[in-house]
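S.K.: The following block contains the structure, expressed as structure tokens.
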Amino acid sequence: MHDKILILDFGSQVTQLIARRVREAHVYCEIHPNDVSDDFIRSFAPKGIILSGSHASTYEDHQLRAPQAVWDLGVPVLGICYGMQTMAVQLGGEVSWSDTREFGYAEVRAHGHTRLLEGVQDFATAEGHGMLKVWMSHGDKVTTLPQGFKLMASTPSCPIAGMANEDKGYYAVQFHPEVTHTVQGAAMLTRFVRDIAGCAGDWIMGNYIEEAIAKIREQVGDEEVILGLSGGVDSSVAAALIHRAIGDQLTCVFVDHGLLRLNEGDMVMDMFAGKLHAKVIRVDASELFLGQLAGVTDPEKKRKIIGGLFVDVFKAEAGKLKAAGNGVKGATFLAQGTIYPDVVESGGTKTKKATTIKSHHNVGGLPEQLGLKLLEPLRELFKDEVRELGVALGLPPEMVYRHPFPGPGLGVRILGEVKKDYADLLRRADAIFIDELRSTIEPNSGKSWYDLTSQAFTVFLPVKSVGVMGDGRTYDYVVALRAVQTSDFMTADWAELPYSLLKKVSSRIINEVRGINRVTYDVSSKPPATIEWE
Ligand code: XMP
């Protein structure tokens, strides 16, 4: 059993970052809505509690408070931004409303030699005051300290930017330690969870494998599991973990819809069937998919067809497995690579916003339709933890650190109607682009351009343009290269790839892929463009 931190979410956009920083300090934590019951908090038994920020004001919403159990439990509490304000209001201090917001970089002076900030500073002033470079985002501020609290931090415009009641282990900051702009933010959160709350730093993916295996074995017993392998990171790590736990009780179904990248199907088979000796059934459904997509040009229709067929094929395979015996008595579990950000509801209280699970992760309601129980062994993990786990399980880093690839695959990277010829040309062009990104190192960082971009791919444009090659005229297709940098995929900047790299990719594609005679680079950011072209 790990020591746990409870994060109560008051609706801040960045609550998940608090959890990520805590996990990076090797402490297990969970995010729950701020209005969970007192009983829930007691049974969760946290060693410390963190109150998140919020878009709200303590004036606007008198319901948005920490449950009484937070104060009754006798464990350390850290309030962040709104969390500080509600702590102040609930413990007898005062918050004053302001219609001007303070937003962005600030320098905060530390006061009072608190445990939270002891030895944590960015620089010292000439007078010897410890200073912190932080990120602020707030309107209201605490104007009167609650009884028993002392000043912990200040700025000229926010005289109470931090407060502490060290006897109780209560600390609060007006700025955001969870964002990377707050230089010592991770150090402060680590100090709180490890030293003040006293959590052991035992949340380590290499060690977690044994625990996860034991959980899977206990949940599954001697029953059987099927899993839809896509080649993506989440389903691959889930498959490797479950296979490690229950071996041949797991059957993976890998649906090849004909819209995968070059050699991707073979690589997936080689890894799972070849190296891991897992039971994998490869279903070549490319004709079915391409047949149904013939003549369809509308992007949303294409997505629906691909998603719907995927469910049909998977269901049919699950049925066949059962009928044929095939060593499978009949699966009772469907495994999915759902990860924590898909599960956790960010930005709301239980009463105001229901938990939403991204629809593509619960593919077409498959578990209900198949009458199967769900097995989701990655449900507690963030993406970076899933990757660490994948490497610890022996999956190759190139697979685990791959850029995301959309479920509909090349179907949304071939504009308009999808045809096999187009997919074949696109696969070859894309492989060249990725190959060059991987092999070109940016000298300052020493990293490859593949690692410096969040997602990069090639898009097929079904238009022809004129070119000249040797003595002859060509009339061939056009591709666009797309490479973006983003931290959350909600917004993204096009990557400033070096011209020399673009030049090499263009020349290789035009020389090596007959049928393409023009290469363009997409210089649109998101918004207003999206990352994919469809
Ligand atoms: P957009 O194009 O919306 O993409 O800026 C944001 C991220 O989502 C991925 N994406 C998808 N993933 N099914 C998926 O599984 C889809 O239909 C889909 N559409 C976009 C996209 O690759 C990018 O990472």
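For all residues, glycine too, the Cβ spot is worked out from N, Cα and C.
So TrEMBL has the following annotated:
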ACT_SITE  CYS81  active site, nucleophile
ACT_SITE  HIS176  active site
ACT_SITE  GLU178  active site
DOMAIN    203-402  domain 'GMPS ATP-PPase'
BINDING   SER230, GLY231, GLY232, VAL233, ASP234, SER235, SER236  ATP binding site
S.K.: Between GLY231, GLY232, which of the binding-site residues has the fewest other CB atoms within 10 angstroms in the structure shown?
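M.R.: Selected from the binding-site residues GLY231, GLY232 on minimum Cβ neighbours within 10 Å: GLY232.
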S.K.: Specify all same-chain residues, apart from the site residues SER230, GLY231, GLY232, VAL233, ASP234, SER235, SER236, whose Cβ lies within 8 angstroms of the center of the Cβ atoms of the ATP site, ordered by sequence.
M.R.: LEU229, VAL237, ALA238, GLY337
S.K.: Quick check on the recorded positions: of CYS81, VAL233, whose CB has the lowest count of neighbouring CB atoms inside 10 Å?
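M.R.: It is VAL233 that, of the recorded positions CYS81, VAL233, has the fewest other Cβ atoms within 10 Å.
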S.K.: With every protein chain in view, what's the tally of Cβ atoms within 10 Å of the Cβ of SER235 (ATP binding site), excluding that atom itself?
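M.R.: Around SER235 (ATP binding site), other Cβ atoms within 10 Å: 21.
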S.K.: Take the domain 'GMPS ATP-PPase' (203-402) and average the pLDDT across it for me.
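M.R.: That stretch averages a pLDDT of 87.
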S.K.: Pick out which of the recorded positions GLU178, ASP234 has the most other Cβ atoms within 10 Å of its own Cβ.
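M.R.: Of the recorded positions GLU178, ASP234, the highest Cβ count within 10 Å belongs to GLU178.
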S.K.: What is the number of other Cβ atoms found within 10 Å of the Cβ of HIS176 (active site)?
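M.R.: So the number of other Cβ atoms within 10 Å of HIS176 (active site) is 23.
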S.K.: Highest CB neighbour count within 10 A among the binding-site residues SER230, SER236?
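M.R.: Selected residue: SER236.
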S.K.: Under a three-state reading of DSSP, tell me whether ASP234 (ATP binding site) is helix, strand or coil.
M.R.: helix
S.K.: What is the nearest of the binding-site residues SER230, VAL233, SER235 to the residue listed as 'active site, nucleophile', using the Cα of each?
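M.R.: Given the candidates SER230, VAL233, SER235, the nearest one is VAL233.
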S.K.: Any idea what the Cα distance is from SER230 (ATP binding site) over to GLU178 (active site), rounded to a whole Å?
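M.R.: So the alpha carbons of SER230 (ATP binding site) and GLU178 (active site) sit roughly 33 Å from each other.
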S.K.: Sorry to bug you, but what's the C-alpha spacing from GLU178 (active site) to GLY232 (ATP binding site), rounded to the closest Å?
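M.R.: Pair distance, Cα basis, whole Å: 28 Å.
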S.K.: To the nearest Å, how far is the Cα of VAL233 (ATP binding site) from the Cα of GLU178 (active site)?
M.R.: 26
